[in-house]
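> Starting off with a structure, shown below.
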């Protein structure tokens, strides 16, 4: 139009060339990309009008698509990415409530028993509600301090629930390990002393990991905001469990001591009275008296998970014929994890963070399909007065734009001067010809919006200008666009020409300009440093050693497997990897420390006792955690799908290590239990010698010994 000459290579997609043409003439194109620049002047009113115009434009495109079924129309406006990013939180509201109901149901059922006196369904329910209250409190603090909600914060309820319910179920397990003949206050005190030390340690490590993620060393702002909120949630979780749930445990203990029904809160009748009642009444009011024999010391062993672990699973996993298959399974797990770690992809693709059915995703997919041979159009903005007529400045501008296809008033103007054999070597001639001749031509009038003039007296100045750059790329457009950013940004600081480069997609690409794994490395380093520093402060250093190995194995497993599952290293996956470090410690630490401190004769017996002591809480927590993730599958958003994949792998790998890998490997490797056996034999021998001496001195007392 109007004889205008411009580069449009990046605007044509699916191009077919005329066969045997020397100058590469275009025969046809499957797609065309048109860009409109909406003019505003920076005022609030103009921004509102512009946003309204864009909204109407997108509606019009949608209507035109319905009217013209033979065409495929896709539109993207400046607010589209923001709108579609926040759409995830709207789509996920109902599903999060379903997740909460599933977790409540799972916690309630897993805390129940047939024994109506010792069953604790309400404690499981109240434990989950305790975490919900602490999460709501943390959210309130966030909004009071002018926090801005975004869709990445959807992960906080799941992260907080995974850690908080672990403390709840451990307290319940600690209560079951106490002696029934003690007063309920002493039982609560014993449960706290047994559980809260390890829970305090794991909560501290959560705080350290997410605190490091919120530090200035983290280069992703979304990760910083998330980690700050997570630190507040963990702190409140700890105090709510310590206080509110502890009070609920005291109340439940008092009801149990006074023989009240765990659900109906009524007095449980005597065994003689129950024998005269119907079967349904006996079932509802059964306190386990018919199962309890005179030599049974712990009626809580009838809990279905404890019974399954004690009677079936412990014997099976420690069977000598099962162990070779477990070793083979771990080698397969390690090989797939290592293979995945070698294929990690930086998640610079904006599709991973948007709702699946959104217009932005449809637009991005079509753009990647047809226009992947060129980078996005990069705005190159010179924001200070410049001597454009100076030969040196002209050479600098050529150097900066070298390798790019440019849509530039500067190049067109220089060519116009050369063709017309016009000299413009000083400021007055350069600006005079530019305003009075060049910009008046119909084919160059569209450049008026690319130059900002100012007038001081009779003298005109160019205070700012812009041009557009397009780079030829391969199919991996996103990665190469990030590399372009990494090359251009430093030049803006070094060169004498002051400029900035921008494209709307850079908002997402900026997350990955530096090392994308930096937050994970920082958090992992913080945790490992704490574990190493406390290596000689714990009762048994091998506990820390095994914990470091287990956490490393789980973290690398999740990292490798999520890569094989087509999960890129984006903001959500980074946060999930930070969480995996702590989730692994949460579940492996009690199991490992119980094992290394056990005094049984054999390693096999020690691991059986460890699983019997902590296996119930681990299984309860991980099953509640994984069941709560299921509704995320039905949210039509790539962000929640990434969250589901990463957390599913974190829970599954942790469960695999706690119940399969560690129980087998700990029977092969240190710590040895022989010294415990020698000590017990020495004590038994000493006791036998003392008894023999007593018998020899006074044989009449043999029957009394």
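In case you wondered, yes, glycine gets a Cβ from its N, Cα and C as well.
Remember, TrEMBL labels are computer predictions, not curated facts.
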> Labelled transmembrane segment by TrEMBL, one stretch among 598-616, 617-635. Can you tell me which?
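Range annotated as transmembrane segment by TrEMBL: 617-635.
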> Which is it, of 16-35, 36-55, 56-75, 156-175, that TrEMBL names as transmembrane segment?
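That would be 156-175, the stretch labelled transmembrane segment in TrEMBL.
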> Can you identify, from 196-214, 215-233, the stretch that TrEMBL calls transmembrane segment?
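Going through 196-214, 215-233 one by one, TrEMBL gives transmembrane segment for 196-214.
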> Please identify the range among 486-508, 647-669 that TrEMBL labels transmembrane segment.
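When 486-508, 647-669 are checked in TrEMBL, transmembrane segment belongs to 647-669.
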> Counting Cβ pairs closer than 8 Å, which of 546-566, 572-596, 617-635 has the most of them with the transmembrane segment (196-214)?
572-596
> Flag the pair the transmembrane segment (546-566) / the transmembrane segment (647-669) as in contact if three or more Cβ pairs fall under 8 Å (sequence separation 6 or more).
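Taking Cβ pairs at least 6 residues apart, the transmembrane segment (647-669) and the transmembrane segment (546-566) are in contact, with 3 or more under 8 Å.
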> Answer yes if the transmembrane segment (572-596) and the transmembrane segment (90-110) have at least three CB pairs under 8 Å among residue pairs 6 or more apart in sequence, and no otherwise.
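They are not in contact.
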> Residue list, the transmembrane segment (122-144) vs rest of chain: Cβ under 8 Å, 6 or more residues beyond ends.
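Distant Cβ neighbours of the transmembrane segment (122-144) are 100, 103-104, 107-112, 156-157, 160-161, 164-165, 168-169, 171-172, 229, 232-233, 236-237, 239-241, 244-245, 248-249, 252, 262-263, 624.
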> Grab the same-chain neighbours of the transmembrane segment (647-669) for me: Cβ-Cβ under 8 Å, and only residues 6 or more beyond its ends, written as numbers and ranges.
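Beyond its ends, the transmembrane segment (647-669) has Cβ neighbours at 155, 158, 162, 313, 317-318, 322-323, 326-327, 329-330, 333, 546, 550, 553-554, 557-558, 561-562, 565, 576, 579-580, 583-584, 587-588, 591-592, 595, 603-604, 606-607, 611, 615, 618-619, 622, 625-626, 629.
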> State the residues, same chain only, that lie 6 or more residues beyond the ends of the transmembrane segment (234-252) and have a CB under 8 A from a CB inside it; answer 'none' if no residue qualifies.
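Sequence-remote neighbours of the transmembrane segment (234-252) are 120, 122-123, 126-127, 130-131, 133-135, 137-138, 160, 163-164, 167-168, 171, 175, 184-185, 188, 191-192, 196, 199-200, 203, 206-207, 210, 262.
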